[in-house]
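Asker: Dumping the structure here so I can ask a few things about it.
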Amino acid sequence: MLMTQMTVEQFAHDLGMLPGLLLEQLQAAGVDKRSAADFVTEQDKTRLLDYLRKSHGSSGPRTRITLARKQTTEIKQSDSTGRPRTIEVKVKKTRVLTRQNEPEVIEKSVSEEPAPLKMVETPEPTIVKSVVDAEQMALRAEEARKRSELIARQAAELKEKQEKRRQQAAAQANVKKEPAPAEQESGPATAVTPGSVTEISSKLPETGAAATPATSTAPATTSTTAATKGHAPQKPVVKPEEKGEKKKKPTKQDAWKDEPVKRREPKARGDLSGGQEWRMRKDKHGKYKSDELQSQHAFSVPTEPVIHEVLIPETISVGALAQKMAVKAAEVIKVLMKMGSMVTINQMLDQETAMVVVEEMGHIAKIAASDNPESFLEEVDVSSDEARMEPRAPVVTVMGHVDHGKTSLLDYIRRTRVAGGEAGGITQHIGAYHVETSRGVITFLDTPGHEAFTAMRARGAKITDIVILVVAADDGVMPQTIEAIHHAKAANIPIVVAVNKMDKPEANFDRIKQELVNHGVVPEDWGGDAMFIGVSAKTGLGIDELLEAVLLQAEVLELKAVREAPAKGVVIESRLDKGRGPVATVLVQSGTLRRGDAVLTGAVFGKIRAMLNERGKSISEASTSIPVEIQGLSEVAVAGEVFIALDDERKAREIALFRQGKFRDVRLDKLQVAKMEDVFGQHEDVSTLNLIIKADVQGSCEALVYALKKLETDEVKINVVHSGVGAIIESDINLALASKAVVIGFNCRADLGARKLITSTGVDVRYYNIIYEAVDEVKKALSGMMMPDRKEKILGMVDIREIYRISKVGVVAGCYVLEGLIKRDALVRLLRDGLVIHSGSLDSLKRFKEDVREVKSGFECGLSLKNFNDIQQGDQIEVYEIVETARVL
């Protein structure tokens, strides 16, 4: 029978150390023992052992000893085919050995090897026989000698530590929180280590099991203590494993239950441990490494806020913005709600709003350039390299009133300056050509109308260098002339005035000068900067002087451009050719455009398959200020858009697709705003005219859409469902049928399939060749859709003189028509003392008991009001009607 309690002195004797030193360590472990006669319980021993393990960096103790066994059996069973099969079954049994109040049998774990002693060197643990032999006796003698040396060293160390203890008594009031100085100064002469306690357990010769390792539990310590006191220990009930059998690990359930280091809980965001216990590595003995070593390499969540640099494109969704800031989309939506915007996770934000949100959330907002493929264009742009620039030909636009001879002047210049044998050999629809003179080359642009010119200037493309303003000498300054002056002044373009029709006898050159001075165009001989040239497109008078003036103005401007570089320019016109596909007329502003180059204009890309000059001949390259017609684009380009030539077609495709996505986002954003406007405008009486517009060229289509959009008012709107270039096809008719739209064809016709569909469906299709006719027709249609003006017209005044109450009829008033007349279907107001008592209509109107349609002034009549009987003698009735008047735009 083992003792369950012993005194401190007995426990120190069993451990082979001085009682005073043991008292010191017990007090450091939080066990309140004052003298060597105090009893030590099993809980006190466990607390002392835990304290010693923690002080030496060992992992936490196991509170139980687990013994795992594996039993192998064989069973015979038939498989699916009926053949017998032998199946090997391995059964693992786990027994947990716990301490009892009066244990009769001490069970020991045999699953672990002994840990090396820290202070006393011990031989390699071996499985010894139950009979004590000579080798065991020699080992005991050696251990007794080493223990006596250890006791001597501990006695000297105790005196030194007690002296320091007295000096630090005030600072060491709380022993549990601050360990004793003896533990802080532990060195080669440390008092008692877990290894020394384990050393005692190795003195049991009768157990036949390996010594308990450094992490042995308190029950094992108790058994070793009893053995040192001379008690004859009993053999464990559990049979020790054979020598060749592998050691068993604790089961998963007991491991989770017994090892505190594995008891993990979900980590909150504020937990700085970073969940390091989840990723702790095991050593070669299957134990977790110490927390101190693991914490050196553990990841910890940053406590300081992380500031991101967010690149924001033109439009970005709420979810994408949250992803760039590494936050949840709900936080971004919350910030936007505080700013007064109700958004969803997929809603698009403009660049300015997104930057405000990023700054509000504490991050750095920057305009996106690194993830924009268009930044590649800035790298390859060498058009501004002044060192490589060479003089170029001027680009001249001829403007003026329609009837002032602008076309005749261009025809004369073209006819006389084109090489011999090619008279009239100019493709007129290109709208651009160049002529050669003795002093240089001049490129003319035939822009039919100021609308296209305004659109080009609005896009920021500097197409025109000089404007020739044509004014008829016999007509003077007209409204379109004034508009052309305003456009040239706004674009800061020099003007050369060509006073045409000087061959007529009624031409007045000075009057033209005076009228233009009133509009800000001052001639040079009057102190201004505009050159005035008198010309005649019929006789050729002054044509050479006009070209000289244009070239002189070009020299003053010092026009230069880079020739040996990728081409860059502007799309003048584009159309869809039935045989050649999308065709674009472009003006090269810098560089050299070659056949086979990859080109990019807006969201359209392609590779030049063919290139024609203004004479319709195929050419291989075009230099600066030369207009050419190119084929090979993916779709019809937008007139006025800038184009650039690239070496890599793949890069052109990437940029075009990026722009298409960007344009789509912007279009959807605008469409969403339009939908919100529609929601707020649903209660208003707004009529909408749906139109599908098809034209021969892109410029005409844009001009027609622009002109029709100007006809909109607050009451009538124009919705252009679709606009495009080319003939009217079946898909256009189907779209018009679905959207209830009117199809307008400008200089184009419907193909055979579309004509059959028009006949069967009855879709309204209108064809026009002149833009003003189309505008007038649409204006009339909009006028018919507008609500007419409603005006009130007073017909007469009636005085009520008698009141008659008739059963089944109601109140009938005998009246006298004072002025005007009273009609049966007219509206009336009942007036009493100048106040309106009732407004309504007549129920009946009689004269001499006969129904009449009207009663004129000076006659009597009887009448009754519909749904109103409160009529009194002396009241007056005002008779009126509503007159509707059609409105005109």
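Cβ coordinates are placed from backbone N, Cα and C, and glycine is handled just like the others.
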Asker: For the feature region 'G2' as recorded in Swiss-Prot, pick the matching range from 425-429, 510-514, 790-794, 850-854.
Answerer: 425-429
Asker: In Swiss-Prot, one of 124-127, 500-503, 660-663 is tagged region 'G4'. Which stretch would that be?
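Answerer: Going through 124-127, 500-503, 660-663 one by one, Swiss-Prot gives region 'G4' for 500-503.
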Asker: Given the ranges 302-305, 446-449, which one is assigned the annotation region 'G3' in Swiss-Prot?
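Answerer: Result: 446-449 is the stretch Swiss-Prot calls region 'G3'.
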Asker: Which stretch does Swiss-Prot mark as region 'G1', out of 40-47, 72-79, 400-407?
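Answerer: Region 'G1', as annotated by Swiss-Prot, spans 400-407.
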Asker: Quick one: give me the count of other CB atoms within 10 A of the CB of GLY400 (GTP binding site).
Answerer: 24
Asker: Could you tell me which three-state DSSP class ASP403 (GTP binding site) falls into?
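Answerer: Where ASP403 (GTP binding site) sits, the three-state DSSP reduction gives coil.
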Asker: Enter the number of other CB atoms within 10 angstroms of the CB of MET502 (GTP binding site).
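Answerer: Counting Cβ neighbours of MET502 (GTP binding site) within 10 Å gives 22.
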Asker: For the region 'G4' (500-503), how many residues does DSSP put in helix, in strand and in coil?
Answerer: 0 helix, 1 strand, 3 coil
Asker: In sequence order, which same-chain residues at least six apart have a C-beta under 8 angstroms from LYS406 (GTP binding site)?
Answerer: VAL398, MET399, GLY400, VAL470, ASN500
Asker: Determine the Cβ neighbour count for ASP403 (GTP binding site): the number of other Cβ atoms within 10 Å of its Cβ.
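Answerer: The Cβ of ASP403 (GTP binding site) has 11 Cβ neighbours within 10 Å.
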Asker: Given the model, what does the mean pLDDT over the region 'G3' (446-449) come out as?
Answerer: 59
